[in-house]
Amino acid sequence: MKWSEISIHTTEEAVEAVSHILHEAGASGVAIEDPAELTKEREQQYGEIYALNPDEYPAEGVLIKAYFPQTDSLHETIAGVKSSIDVLPSYDIEIGTGNITVNEVNEEDWATAWKKYYHPVQISDTFTIVPTWEEYTPSSPDEKIIELDPGMAFGTGTHPTTTMCIRALEKTVQPGDNIIDVGTGSGVLSIAAAKLGASSVQAYDLDPVAVESAEMNVRLNKTDDIVSVGQNSLLEGIEGPVDLIVANLLAEIILLFPEDAARVVKSGGLFITSGIIAAKEKVISEALEKAGFTIEEVLRMEDWVAIIARNA
């Protein structure tokens with residue numbers, strides 16, 4: 001089978017939105033090449049070794065590569081992707097050039113080459129995220145492993161917003177907590193919450209591909225006795241109270257449901273949000289406070305923030 005590599009030149013702010021559009025269009029895998037990875041300072045508190053080749057990164061902006069099987073409808077698929085990307089500026093998301101290029105890739109090349117982008121990454125004191133094909137031995141008895149299959153959808157869960165959400169969960173989840181994960185994607189946050197001692201986690205996503213991906217990853221991590229996955233639009237029709245809600249979504253989506261979050265999370269419960277570019281921290285904080293939340297802590301990583309807020 002022949003494959004097409006669709007490359008989109010965009011901005012760091014648009015990475016999650018463009019990646020989601022590509023997954024929605026049926027991409028069999030997505031890789032992100034961000035030149036900021038070459039120069040950023042790294043904590044290296046877990047003994048990581050980084051081997052990055054500058055020749056594989058664009059001079060500026062971010063390059064997102066997605067892989068589609070060559071079919072008669074590929075041109076229509078690409079046109080649909082372009083149309084969806086062109087709409088993003090109306091949501092105040094800067095897309096940069098938005099240039100799209102297409103290259104042919106042999107199946108045998110695709111089957112192995114894309115895996116070079118994914119390796120075990122220890123993202124916190126507790127968790128290491130490991131691609132399913134990698135063999136990995138925990139460095140201590142307390143280290144927890146989350147296995148993910150990036151080939152299914154939604155990457156490996158190592159984006160700064162996901163990392164901050166997991167670190168926020170480490171700070172806040174108590175044994176026996178009831179939790180809702182809004183916009184679960186790969187299910188990584190729900191899996192983390194279950195491994196931290198939650199007694200029940202409801203994971204929701206509007207995208208049926210995300211639901212399928214999350215269900216697979218939940219089973220893979222043997223947390224399906226705690227995590228239930230379902231299709232739903234944000235918190236529509238969801239009743240509480242729960243101890244904690246976590247949502248790693250675009251800022252524009254988070255702004256749609258602070259009042260619903262305040263309705264569903266118990267008094268004194270927590271709402272953890274990320275997916276927020278730093279420039280939009282203020283507008284999200286104000287919306288949460290207007291809904292009755294108090295901002296307890298703001299986590300920062302690169303150009304992103306995560307907010308831990310407590311309900312009145």
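A Cβ is built for glycine as well, from the same backbone N, Cα and C atoms used for every other residue.
Under the heading S-adenosyl-L-methionine binding site, Swiss-Prot lists THR162, GLY183, ASP205, ASN248.
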Other same-chain residues whose Cβ falls within 8 Å of the Cβ centroid of THR162, GLY183, ASP205, ASN248, the recorded S-adenosyl-L-methionine site, in sequence order: CYS165, ASP181, VAL182, THR184, GLY185, SER186, VAL188, LEU189, ALA247, LEU249, GLY275
Local Cβ density at THR162 (S-adenosyl-L-methionine binding site) - other Cβ atoms counted within 10 Å: 26
Where the record names THR162, GLY183, ASP205, ASN248 as binding S-adenosyl-L-methionine, the maximum Cα to Cα distance in Å: 16
Cβ neighbour count within 10 Å of ASN248 (S-adenosyl-L-methionine binding site): 27
Cβ atoms near ASP205 (S-adenosyl-L-methionine binding site) (within 10 Å, other residues, all chains): 25
Local backbone state of ASP205 (S-adenosyl-L-methionine binding site), from DSSP in three classes: strand
Packing count at GLY183 (S-adenosyl-L-methionine binding site) (other Cβ atoms within 10 Å of its Cβ): 23
